[in-house]
Amino acid sequence: MAENNVPLRDFDEESETDSETELLIRRDVRTASFAAASSSIKSNSKNNSRGRHRKSSTGYSGVVNSSSGGGGSFLGNLFGHSLGSAAGQIRYRNERSRERAKYSNSSSSVSKLAQLTQTSAGGSAVAGSAASGPSGGAATGVGDSAGVASDLGNGTHSTVIDPENGSATVFYQNNRRRSKGRSFGSICKLCLCSCWRKWFRPRELRARTVNLGRVNTEKFPPNEIRNQKYNFITFLPLVLFEQFRFFLNLYFLLMALSQFIPDIRIGYPYTYWGPLGFVLMVTICREAVDDLRRHQRDHEVNSQKYKRLSATNGSGYEMVPSSKLKVGDVIIVEKNERVPADLILLRTSDRSGSVFVRTDQLDGETDWKPRLAVPYTQKLSRDSELHSIDASFYVEKPQNDIHSFIATFCMTDGSEDTGLSVENTLWANTVVAAGTATGIVIYTGCETRSVMNNSQPRSKVGLLDMEINGLTKVLFCAVLGLSLVMMMLKGFGGPWYRYMFRFVLLFSYIIPISLRVNLDMGKAFYSWQMQNDSNIQGTVVRSTTIPEELGRISYVLTDKTGTLTQNEMVFKKIHLGIVSHDADTFHHIGHIIQKLSGNIMQQQQQQHQQGSVSSSSSGESNTATKPIMFAGNRMRRPEGWREWEAVRALALCHNVTPVSDEEDNRSVSTASTVTGGNNSPTKSVINIEAPGSTDTEHQYQAASPDEIALVKWTEQVGLTLIARDLNTMTLQVKTPSEDNDILLHYQILQLFPFTSESKRMGIIVRESKSGQITFYLKGADVVMSSIVQYNDWLSEESGNMAREGLRTLVVAKKVLTEEQYSDFEMRYNAARLSITDRVAKVAAVTESLERELELLCLTGVEDRLQENVRPTLELLRNAGVRVWMLTGDKLETACCIAKSSQLIGRNQGLHVLRSVKTRTDAHQELNSFRRKQGHALVIEGESLEVCLQYYRPEFLELATASPAVVCCRCSPTQKAQVVALIQKHTGKRTCAVGDGGNDVSMIQQADAGVGIEGREGRQASLAGDFSIPQFSHIAKLLLIHGRRSYKRSAALSQFVIHRGLIITTLQAVFSAVFYLSSVALYQGFLMVGYSTLYTMFPVFSLVLDQDITSETAVTYPELYKDLSKGRSLSYKTFFIWVLISIYQGGVIMYGALILFVDEFIHIVAISFSALIMTELIMVALTVRTWHRLMVLAELFSLALYLISLAVLHEYFDWEFIWSYDFLWKVSLITLVSCLPLYIIKFLRKKCSPPSYLKLS
C-alpha cells in the first residue's frame, strides 16, 4: 500500500479558471462492448480536443513515464498488469459544472455509485479491487461497483470508476484554491500593466476632430512650455541617481554604510557620513536652485495672457494665460504677439483673409510668410458668430514637419467641405506681423510643431568630471592593491577578509570625498565670476555644473539670423555701369531726381493735352501716345536718365505694400505672389519705419527685408511708394517745392514672384497716362547675366560686392508694345490652364519674355551684423576653434553672411556643394571637395541628408577638417543631428550658439549651449546653459572664463587628490612598521580637521589663481589651443602628483619614526604637524598669481592649527609641543619634503618655461 503514494502530476495548464481537473483513464478491455465504447470515446476526444492536442500530449507524457517506471506505481496498482497490454488513453478536460451537478443531486444520484473508495496518501481500496484478478476479475469487480468516489474536502484526490466505459476519473480539490490564487494574481498583474501603460507609456498620437461651436470632450496635453529637468516626485531620485553614477560618490556611500557593521568599524561614523552628507546637500541645493529658476522662467512665459472668445462673457472674450488654453479654444492674436499654440486660422482683420507671420523662431527663415483664413469663417461679419456655427475640423496626427499639414473643414449639415493646408495654420512660436488673427487651437503643449522639433533637456556632465571619475577608479584599484599587499605580508590566517576590509577602510582616504565638495563650490564661484564680469554684462549662467566645458571647446556651431546678424538690411551701394554710388554720394541721385521732376511734370501736361485731343478723335486711342521719359533714341537721352530709370525700376519691381498704423489696424492691402496670379496676398509683412519719419510717413510691408531696404532707399532719394493694392501702384516724385509733388500711377498687369528655383522676380506694369508697358526683372547675378544684354562690367562688379559681403541684385527692364504684351498674355493664360506639365509650360512662356533685357543697375544690400562679430570670429579662428554656421535661410544669403562676417578667412576659398539627390552625385561632389584643400564648405540640408546616408564617415572626415562649414536650409532637428555627429565622430567638445526657438535642440545637444537673449525672444536663452546678450561675448566667455575655469578645476582636483594620497602613504608606512596592524594613525577629529579646518581654505583658494591676465588671453588667442588637448589634467600629471605624494608621505612618516624618542603620541604630533606645514607650503608652490585672499587663507589655516595644538590635549602632548625638539624636528622634516620640489620647479621654469610665461 505504500507504493500507492506516488503522486500524480497536477494538470493545471488548461485554464486559470478551472476549479477541478478531471483525469480520465480508460481501460481498453478485450470485450466488444469495451472496444466499442473506447472507439466511440476516442473519436469524440479527437473532435473535442483537436485544438489542444499538442498541449495534452505533452502534459500526459510525464504521467505515462512516471507510471511505467515500476510495478508499484499508481497506474499499475489501479489497473494491474493489464495496463501494459491494454492501450491506455489519457484525456484532460474540465468537468466542473457537470461533476458539481452530479454530486449535488439527491440520493438518486448517489445510488448510481455502487462502490465508494477513499484514495488517500495512506492507501487505495481501488488498487486492491482492481488488482484482484486479470481482466475478468477486474471486470467483475468493476461491474459490481458503479463508481468510486472520495471525500473532496481534505485536499486529497478522489477517483470514480464508471462500469459502463471502464474509465477512471481522478479529481483534485487543491486546484480550486490554486486557480483562485492565480486569478487574483492575474488581476493584480493586469492592473499594474494598465497603470504602467497609462502613466509611463508614450502618448499615442492620433488624428483628431476639433469641434467649432461645440465642447471638445477628448483630453489633450496641457499647453505649457517646460524646460525643467525634474518635477516634485522625480527630483530627489534623479538627483541621487546622477550623483551615485559617479564612482567617487558610490564608493564613499559603500564605505559609510560599512561603518554600521561593528566588526569593521574604524573610528567614528561621522567621519564618513559627514563629508558625504555635505556633498549631497550641496548638490541637491544647487540642482534645486537651477531647476527652480527654470520653473520661474517657464512660468513667466506660460502666464502670458491671450484673448479667448467666450459666448457667456459680456465683452465677447476673456483673458486667459497661455497655459490654460485647450484644444478647441478660439483665441485672438494681436500684432507682434507670439502664437501660443498651433492654430487653424479662422478670421483676420484683412478683408482678403490673409495675415502675415514671422517664422524665424521656428525655421530660421527671414522671409515672412502669408497665412490664409478658412474661406467660410472669413465671410462671417464678426468673431462672435463663430460660436453660432456647427462645424468641425478633422486634422492629422501631430508630427514634427513644419512645412506640411493636412486637415478638412466641414459643416455638420454637409453644406461646406474644405481642404486645408499649411497656409491655413499658425504654428506656435511664430509671431503675427500685422493685423489681428483669430484661430482655433488644434495642438497644445508637447504636441505642437515647435516642441516636437525640440529635444528633451538632458543632464550634461563635463569632460573634467568624467576624467576625474576615471582617476578615482584608478585610485580605487590602488586601494585594493595596497590592501592586498598588506594582507599578503600579514598572512591569510584567521578572519582575513575582515582585516582586508579594515585595510580598505584605512586607505579609503586615497579617494577624497572632499574632491566633489571643492569642485562643486569652485563651479559655483566660476559662475558667479562670469555673471559679474563688467566686460560681458548681461551674461547669465543657467547651469553651474559645466563651466569648465567652455575651456575645452573645439567646435562652435552658430545660427545666422539674430545671432551673427541683426536681420536689418541696409542699402549700401548701387552701380549704374559707368558710375557707382554709395552712402556718401546718394544725395547726388536725390538732386538728379528733383532736377528731372520738372521734365516729368512738363511731359505729363503734354500727355494730358494729347490725351484730350486723341479722345476727341474717333479713330484714335489714347494708348497710342508716346511714352514718357527717355523712351526714344538712346543717343538723345539727357543727363541723369540712368539714375532715373534705375530708381524707378527699384520703386516698381517689388512686392512691398505701404501702410499706416490706422490702416494696419483695419485692413492690409495686398499684392499677388502666386505665379501669374493677382488674387493672392503678399508673401509676408515687415513693418520698418524709415529713419526720421513722422506720423504722416509710411511704414512698409514686404516679402523680405531686402525689398524693404530697396524701397526705403528710393524714398530717400525722392521717389516714394505711397499706395498699392492688387491692381495698381502709385509713386510720388519729390520736387523742390514740396507742395507740387508729382504722382505717377501704374497698373499692375502681371507679377512673377521670387522662388528659390528661379532666383528672380519680375513685374509688368502699365503707366496710366502714357500707356507704356514695361517689364521689370531683378534677380541674382548668376541667372541675370545670361538674360540681360551684353555688358563688360556686371561680372566684375558683382564679384567685388560679394567680396564685401553684400547681397547683390541685378535690375533690368524691357519695354513692350501692346501687340507683344497681348501675345504674351494669351500664351501665358493658355499655359496656366494646361492640365499637364503646367509648371513647365508657364516657365517656358515666361522665359520667352526674358530675352535681351536692358541692364539698369546692380545693387548691394548689407545684412547688418551684430556688434563686433568679425573680430570675434577672427579670435575664435586663431584660437583653433572651428566655426560652423547652421541656418534655415537660403544658400545665397548664407554665403553672403559667411563672407561679410569673415567666417571664411580672406585667404580661404568657398566650395558650394551642389544639390545632390543620388549616391552617385554625392560621391562626385565629395571627391570634388576632397581636391580643394583649405576651402570652406557650403551645403544644403537635403544634400547633407544624402551625404550622411551613403558616405557618413567620409563626409564627416572632410567636413571636420574644413576650416569652416555653412549648412543652410537646416531644420531644427538637423541642427541637433549635426552637433551629435560632430561629437561622435571627433570626440571633441562642442558649443552651440543661437537665439531662436529653432535653435533649442542644437543648444541642448551641445556640450555647452549658449542662448542669446534678443528681440527674437527668450526661448533659446531659457534653454541654454549660458545666456549672453550678444554674440561677441562668446570670445571672452571661452578664452578668459573657460580657460580659467578649466585650469583652476584641474589644479584644484589634483591637489585634493594629492592631499588624500599623502595621508594614505603615511597610514601605509605606519601599518607596515607596526606589525601590519589595521589601526588608524590619526583618530577622530584629526582626520576630519585635516581635510576641513586645516587645509580647506588654502586649497580652495586655488580657484583664485590665474596663469595669464585677461588682456593676454584675448591678445594671444593661440594659447587656447593647448586646452583642448587636456594636458592640465591627464594621466601624466596625475602620476607626477602620485610620486610627489609617495615621496612626501614617506619622508614625513619615516622622519617622525626616526626622530621620535619615547612616546607614540610624539609620532602623531611630529608627523601631523609636518603634514599640515607641507600642505600649506605646497599650496604656495602651486600658486602662479597671488591674491590677497590666498595669503589670508594660508595665515588663517596656520593660526587654526596652532590653536588646535594648544587645545587638543587628547591628541598632542602640551609639554612636547612647547619644546625645542618639536620645532626643529618638524622644520627639518618639512624642509626635506618640500625643498627638492621647489628646486625642480625653479629649474623647469628657467629651462623649459610654458608658453604663457614666455608671453608675460
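Cβ coordinates come from backbone N, Cα and C, glycine included.
Sequence annotations record features per position, and here TrEMBL assigns region 'Disordered' to 1-23, 36-64, 600-628, 660-685. Feature annotation from TrEMBL assigns domain 'P-type ATPase N-terminal' to 217-273. Look at TrEMBL and you will find 235-258, 270-289, 474-493, 499-519, 1056-1076, 1082-1104, 1134-1157, 1163-1183, 1190-1210, 1222-1240 tagged as transmembrane segment. According to TrEMBL, the feature ATP binding site maps to Asp559, Lys560, Thr561, Glu707, Phe754, Lys778, Arg807, Thr887, Gly888, Asp889, Arg969, Lys975, Asn998, Asp999. Annotated compositional bias 'Polar residues' per TrEMBL: 667-685, in sequence order.
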Can you give the mean pLDDT for the domain 'P-type ATPase N-terminal' (217-273), rounded to a whole number?
82
With ATP as the bound species and Asp559, Lys560, Thr561, Glu707, Phe754, Lys778, Arg807, Thr887, Gly888, Asp889, Arg969, Lys975, Asn998, Asp999 as its recorded binding residues, calculate the greatest Cα-Cα distance and give it in Å as a whole number.
33
In contact by Cβ distance (the transmembrane segment (270-289), the transmembrane segment (499-519); 3 or more pairs under 8 Å)
yes
Long-range environment of the transmembrane segment (1056-1076) - Cβ separation under 8 angstroms, sequence gap at least 6:
471, 475, 482, 486, 489-490, 503, 506-507, 509-512, 514-515, 518, 1082, 1090-1091, 1095, 1099, 1134, 1137-1138, 1140-1142, 1144-1146, 1148-1150, 1153, 1167, 1171, 1174-1175, 1178
Using Cβ atoms and a strict cutoff of less than 8 Å, what residues sit near the transmembrane segment (270-289) while being 6 or more residues removed from its termini?
229-230, 235-236, 239-240, 243, 249, 252-253, 255-256, 259, 513-514, 516-517, 520-521, 524, 544-545, 1084, 1087-1088, 1091
By a simple count of other Cβ atoms within 10 Å, which of Thr561, Asn998, the binding-site residues in the record, is least packed?
Thr561
Tally of residues which DSSP labels helix, strand or coil - the domain 'P-type ATPase N-terminal' (217-273)
29 helix, 0 strand, 28 coil
Sort out the residues at least 6 away from either end of the transmembrane segment (1163-1183), same chain, that have Cβ-Cβ distances under 8 Å to it, and list them.
1051, 1055, 1058-1059, 1062-1063, 1066, 1081-1082, 1086, 1090, 1094-1095, 1098-1099, 1101-1102, 1105, 1144, 1148-1149, 1151-1153, 1155-1156, 1190, 1194, 1197-1198, 1201, 1205, 1211-1213, 1216-1217, 1222, 1225-1226, 1229-1230, 1233-1234, 1237-1238, 1241
Quick check for me: are there 3+ Cβ pairs below 8 Å between the transmembrane segment (1134-1157) and the transmembrane segment (235-258), leaving out pairs under 6 residues apart?
no
Other same-chain positions with a Cβ less than 8 Å from the transmembrane segment (235-258) and lying at least 6 residues past its termini are 229, 264-265, 269, 272-273, 275-276, 279-280, 283-284, 287-288, 291, 459, 465, 468-469, 472-473, 476, 501, 505, 508, 511, 513, 515-516
Cβ neighbour count within 10 Å of Phe754 (ATP binding site)
22
Excluding near sequence neighbours, so keeping only residues 6 or more apart in the same chain, what lies with its CB under 8 A of Arg969 (ATP binding site)?
Gly888, Asp889, Lys890, Leu891, Glu940, Gly941, Glu942
Among the binding-site residues Asp559, Arg807, Gly888, which residue has the fewest other Cβ atoms within 10 Å of its own Cβ?
Arg807
